[in-house]
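S.K.: From Swiss-Prot, for reference:
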BINDING   Leu9, Ser10, Gly11, Gly12, Leu13, Asp14, Ser15, Thr16, Thr17, Val18, Leu19  ATP binding site
BINDING   Cys192, Cys202, Cys205, Cys208  Zn(2+) binding site
Amino acid sequence: MDRPAVVLLSGGLDSTTVLAIAKSQGFTPYALSFAYGQRHAVELDAARRVATALGAAGHVIATIDLTVFGGSALTADIAVPKHDTVEDLQADIPITYVPARNTIFLSYALAYAEVVGAGDIFIGVNALDYSGYPDCRPEYVDAFQAMGRLATRAGVQGTELTIHAPLMQMTKADIVRAGLALGVDYGMTSSCYDPDAAGHPCGHCDSCLLRLNGFAEAGSTDPLPYRGA
């Protein structure tokens, strides 16, 4: 039986792993990505590669303009913080947090799910190596799921929405191991918040450091060509 599911796909390590997990669990994945004015728009090229390579049944890239609000180093003229080690990452919510981004993305996913007849949505949020983002916590996902069941025609008519966050309690190393076990080629992904024009990752933003640390702890080598490496 066909089990359609919407998978939020940025083109990064986490969302790519989630797409592979959804497929391994027997779902027919419909990928959803966003061109939201992010400075690291190279991730959309990665999302296209990933969706094709992992056999998504459909791939929508929705265009929304979050630069009208700004408020983040990813959508405004604000420098992306750089560090030398994972230990240097700040404990509070960083300036790379995009206001309400996951709420906006999940709202679009609700609409896409209704159109393709999906009762399942997958998102790659993580509560352990998550850089302090408030919309990556378990209580947030639970609350949005409850709202989604009330807010859609499908929910009212009896289709029970489930939001899957399979990476929630995994370390970045766990995520890397899981993806490699499923045959994911991480060389086609993009995680950096501040890549150069050729798409090479900086190696020093929060996302790069967490990714590199994850590969190191997993006993593997990140296949991406980092600047200056």
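Placement of Cβ uses the backbone N, Cα and C atoms for every residue, glycine included.
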S.K.: Given the binding-site residues Leu19, Cys205, which one has the fewest other C-beta atoms within 10 angstroms of its C-beta?
M.R.: Cys205
S.K.: Among all chains shown, work out which of the binding-site residues Leu9, Leu13, Cys202, Cys208 has the most CB atoms within 10 A of its CB.
M.R.: Leu9
S.K.: Can you tell me whether DSSP puts Leu13 (ATP binding site) in helix, strand or coil?
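M.R.: DSSP call for Leu13 (ATP binding site): helix.
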S.K.: Measuring CA to CA, name the entry from the binding-site residues Leu13, Ser15, Leu19 that ends up nearest Cys208 (Zn(2+) binding site).
M.R.: Leu13
S.K.: Ser15 (ATP binding site): which of the binding-site residues Cys192, Cys202, Cys205 is the nearest Cα neighbour?
M.R.: Cys192
S.K.: For Leu13 (ATP binding site) and Cys202 (Zn(2+) binding site), determine the Cα separation and express it in whole Å.
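M.R.: Roughly 15 Å, rounded to the nearest whole number.
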S.K.: Rounded to an integer, what is the Cα-Cα distance in Å between Cys192 (Zn(2+) binding site) and Thr17 (ATP binding site)?
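M.R.: Pair distance, Cα basis, whole Å: 16 Å.
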S.K.: DSSP three-state call for Cys202 (Zn(2+) binding site): helix, strand or coil?
M.R.: coil
S.K.: May I have the list of same-chain residues other than Leu9, Ser10, Gly11, Gly12, Leu13, Asp14, Ser15, Thr16, Thr17, Val18, Leu19 whose Cβ is within 8 Å of the Cβ centroid of the recorded ATP site, in sequence order?
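M.R.: Here the nearby residues are Ala47, Val50, Gly124, Thr189.
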S.K.: Around the Zn(2+) site (Cys192, Cys202, Cys205, Cys208), what further same-chain residues have their C-beta within 8 angstroms of the site's C-beta centre?
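M.R.: Sorted by sequence, the hits are Val80, Lys82, Ser191, Tyr193, Asp194, Pro195, Pro201, Gly203, His204, Asp206, Ser207, Leu209.
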S.K.: Select the closest residue to Cys202 (Zn(2+) binding site) from the following binding-site residues, measuring between CA atoms: Leu9, Gly11, Thr17, Leu19.
M.R.: Gly11
S.K.: As a test of the contact definition, list every same-chain residue at least 6 positions from Thr17 (ATP binding site) whose Cβ is closer than 8 Å to its Cβ.
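M.R.: Those within reach of Thr17 (ATP binding site), by Cβ under 8 Å and sequence separation of 6 or more, are Gly124, Leu167, Ile175, Val176, Ala178, Gly179, Leu182, Val184.
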S.K.: Indicate whether Cys192 (Zn(2+) binding site) is helix, strand or coil by DSSP.
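M.R.: Once the DSSP labels are grouped into three classes, Cys192 (Zn(2+) binding site) ends up as coil.
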